[in-house]
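Peer 1: Structure provided below as structure tokens; questions to follow.
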């Protein structure tokens, strides 16, 4: 595997793990507290990334989207 392929693989793996950590619907994933991110200033790049994520329906720990999806619970 070349160094470019290795770097790409690592970046994709990191991205998948990050999405798993912040996706609220995913079972058995870590949930970080939202109040910890409230003090972090948002730069233009993060603001753009958050607007794209919110438009796609993802609400992450870093991005606080105004439109939230409802929580669906199932009972067995």
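Placed from the backbone N, Cα and C atoms, the Cβ positions cover glycine too.
Pulled these features from Swiss-Prot for this protein:
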type	residues	note
SIGNAL	1-24	signal peptide
DISULFID	50-63	disulfide bond
DISULFID	54-65	disulfide bond
MOD_RES	69	arginine amide
Peer 1: Around residue 63 (disulfide bond), how many other CB atoms lie within 10 A of its CB?
Peer 2: 18
Peer 1: Sorry to bug you, but what's the C-alpha spacing from residue 54 (disulfide bond) to residue 63 (disulfide bond), rounded to the closest Å?
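Peer 2: Cα-Cα distance, residue 63 (disulfide bond) to residue 54 (disulfide bond): 8 Å.
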Peer 1: To the nearest whole angstrom, what is the C-alpha distance linking residue 65 (disulfide bond) and residue 50 (disulfide bond)?
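Peer 2: Here the two Cα atoms are 8 Å apart.
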